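A short write-up of the structure that comes next.
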Amino acid sequence: VSRLMDLIVNSLYSNKDVFLRELISNASDALDKLRFLSVTDPRLLTDAVDLDIRIQADKDNGIITITDSGIGMTREELVDCLGTIAQSGTAKFLKALKESKDAGTDSNLIGQFGVGFYSAFLVAERVEVSTKSPKSDKQYVWEGEANSSSYTIREETDPAKLIPRGTRLTLYLKHDDKGYAHPERIQKLVKNYSLFVFPIYTWQEKGYTKEVEVDEDPAEASKGEQDGKTEKKKKTKTVVERYWDWELTNETQPIWLRNPKEVTTEDYNEFYKNTFNEYLEPLASSHFTTEGEVEFRSILYVPSIAPTGKDDIVNPKTKNIRLYVKRVFISDDFDGELFPRYLSFIKGVVDSNDLPLNVSREILQESRIVRIMRKRLVRKAFDMILGITMSEDKDDYVKFWENFGKHIKLGCIEDRENHKRIAPLLRFFSSQSEEDMISLDEYVENMKAEQKDIYYIAADSVASARNTPFLEKLIEKDIEVLFLVDPIDEVAIQNLKSYKEKNFVDISKEDLDLGDKNEEKEKEIKQEFGQTCDWIKKRLGDRVASVQVSNRLSTSPCVLASGKFGWSANMERLMKAQTVGDPSSLEFMRSRRVFEINPEHPIIKTLNAVCKSNPNDEEALRAIDLLYDTALISSGFTQQVNPTSYVPETVEAEVVEPTEAGSKK
């Protein structure tokens, strides 16, 4: 028994603070049982004692007393419940209810495992339980010590310690844990863990101010007499009178158990601010109940601003979701079990009656039920965000996107299952909307009748995207192009692949099809400029994979397109900037570059003529190099300087003869 007790006390709970949660839950169950049984037997409530829990702390002696006015225990029940480890009185009670004909089970009962009481020994060296049941005329006292394998039960004989009904637990704290016997510490633990059970009163020191008379200073009194003053004024001062009294610490009705129709927006906002220590009101909230395989109630919130500091986008471990089981706080320490990383900014509470907890009630076990919960919570979160997009005040979603746009884009990469929910939430600048971001739905609405794909260009800014030569033909045709200016944009869109059966097409990649191919004309141009393309390729060598006639240029002489299956110029730039980037992978992933020429441009026409008349013309060959360098920059690639191309000029040192100071030389 002592080994089992040692196991329970030292190995089951990771945090000593939970002892109060467990003992308050036991008291709450005792009150619930009394309330339930009094429906059929009203005599149980004849003592007219309020149904509440009272906690008194004696910090000087290190004693905590927890008193409830619940059902209490008889001598047999003391032996059965406290004398037997892992014997849950609540579980037994619920089983009896289910087997009875009037099986109206009270799902508010918290107990489950029968070890919660022993958590008292986490902080106490000795525990005394004094209890009086309406079924018994006598009050009994159970006593046990932390390192003992036996306990004693005796009858209470001290009239001062008699209680009309219920149970009084007295914890004599260990020397190291006497800090728990501080009234403020008790109040903090109650507010964290047991805010929503029966009314809990804590014994707190209070004070009020009052005016008191003070004796007059003898020196001033004699001075007054000398001045011949006959009228005497009484002197007073303000003092604080201290006293101790019971203070209600918790609110008993959790907001999520109320009917959503009865809860105002102000109530939701107030609850959000108090629970999460926020000062700004949330952008949106959602209050819902889920039934079926898993039953739970929840309130979710979208904060007004993104978290700063440690709670970064890459940190899935936030304390934003508070999990309750039967109104008792279990944990807010989740690592992506209830929400994926990209939705970690969502805050809220989840309260369930049938979650698979381990015995310490601190850890949520991975199970099918948790997966179902996660799925439903994510769905509700998306509905809530979609609600912001439909808000009458358009600034609401602009504000949301500024704060959490990156999170949503991360969802494109990490959550394939929810692509259909994520895509309508995305916002981008475009060639026809450089000031205000547009949605993919708006883009699809603006598409030309013959347009099959959604076109985009990735760049480091809207200005760079606007000035890229890749846009020329599309602007001429009045085709809208999305500007992906955030580093995460390009990866997000590539993971999305398509929207409403329309593929995303990068206009900086080779083989761009704008749906206006004229094969005969293309054949003619290829014949005309085929020799020139080969000549330019010979000059540029390995710097390009091939030289082709372009169908996307109208005013620029040439452009450098990326290969279909490699990085774009923008992605190459981002990868080079990575602190821990692998140089070998840069070479491997760097796409083949295709040099495209504009057959209508005067420079290309001149080069074509030179190619046929004098292909070794030095000036023409230098012009090709210059065109390539220009195309590199205008297409978004970074210029690579060849260190061997610069040879410094050798200059002989001039010998200067030394001169004497003061000489005229």
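Cβ coordinates are placed from backbone N, Cα and C, and glycine is handled just like the others.
Those TrEMBL annotations? Automatic predictions, nothing curated.
What TrEMBL lists as ATP binding site is GLU22, ASN26, ASP68, MET73, SER88, GLY89, GLN112, PHE113, GLY114, VAL115, GLY116, PHE117, THR167, ARG361. What TrEMBL records for 220-230 is compositional bias 'Basic and acidic residues'. The domain 'Histidine kinase/HSP90-like ATPase' annotation in TrEMBL covers 15-177. The region 'Disordered' annotation in TrEMBL covers 213-232.
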Residues near THR167 (ATP binding site) in space but at least six apart in sequence (CB under 8 A): ALA27, ALA30, THR67, ASP68, GLY70, GLY72, MET73, VAL129, SER130, THR131, LYS132
Fewest other C-beta atoms within 10 angstroms, as judged across GLU22, ASP68, which are the binding-site residues: GLU22
For GLY116 (ATP binding site), the number of other Cβ atoms found within 10 Å of its own Cβ: 25
